[in-house]
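Below: one structure, written as structure tokens.
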Ligand SMILES: C[S@@+](CC[C@H](N)C(=O)[O-])C[C@H]1O[C@@H](n2cnc3c(N)ncnc32)[C@H](O)[C@@H]1O
């Protein structure tokens with residue numbers, strides 16, 4: 001007798017901005033979040049009398065199958081109140097979502113030379129960029145394949161600021177995508193830490209699969225040591241709580257790259273860090289913001 005593939009709870013939400021739906025799904029523990037429908041159109045101004053385009057965008061979160069669908073839908077509605085959001089839960093088989101991810105997941109380029117792609121895909125040689133840095137990642141249970149805007153914003157920062165010969169800390173490593181990108185762009189040493197044991201396993205596996213295990217050290221947050229570059233793609237509330245910790249982990253004159261916050265949360269996050277950092281830039285995509293700072 002063969003064991004049945006584990007089931008997953010998939011919940012499709014709509015009726016609020018995609019960035020807000022993503023943040024709430026993640027805060028509720030989604031292991032993966034995808035935006036579909038007219039999500040891209042949310043940046044287009046609506047004509048008078050039309051409903052905002054994001055009302056038609058659907059954001060789907062994937063949760064372990066032992067979550068109660070009615071309880072989860074109620075928690076999402078509470079978190080999004082007073083907005084009237086639509087939540088449609090469905091149980092799906094393990095193999096279905098893995099296949100769905102694989103269909104959507106193609107080589108992606110970040111900036112000039114950095115590529116993230118699945119193991120099965122080829123990246124065409126680009127004569128204009130003979131120094132391509134390619135990292136291979138397959139979707140797993142840990143967050144981070146580059147498809148999410150918060151990850152993409154950090155990968156683009158790394159492409160513009162390759163940490164050649166520098167010491168890098170990826171705080172909240174998920175799949176390890178940022179750590180691997182930093183190593184493949186020339187970092188001398190990279191440390192990847194997370195509070196989630198599944199992320200540490202995924203990062204170790206991914207470092208090995210990319211033959212970067214000699215330069216990517218994976219461990220718990222307690223083991224984190226100061227670095228020249230610290231990347232932290234976590235949500236706004238933990239980033240605010242972590243301000244003193246992250247300040248103690250960036251060398252004087254070193255770079256801090258914060259991501260995972262919504263545009264309306266940027267001032268509060270920046271405020272938590274101004275005593276120790278100068279904010280020197282940033283970028284935004286689909287309602288998400290990256291903040292770039294240099295340690296005093
Ligand atoms: C949005 S994912 C980012 C993953 C990856 N770095 C990326 O850019 O795609 C956030 C990660 O931070 C981790 N995390 C959440 N709170 C944390 C905390 N207080 N300390 C360390 N890691 C944390 C989560 O377990 C998760 O793996």
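Glycine residues also receive a Cβ, built from the backbone N, Cα and C atoms like all the rest.
In TrEMBL, annotation is done automatically, which means it is predicted and not curated.
Taken verbatim from TrEMBL:
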| type | residues | note |
| --- | --- | --- |
| BINDING | 151, 172, 194, 233 | S-adenosyl-L-methionine binding site |
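Among 151, 172, 194, 233, the residues given in the record as binding S-adenosyl-L-methionine, the maximal Cα to Cα distance rounds to 15 Å. Under the DSSP three-state reduction, residue 151 (S-adenosyl-L-methionine binding site) is assigned to helix.
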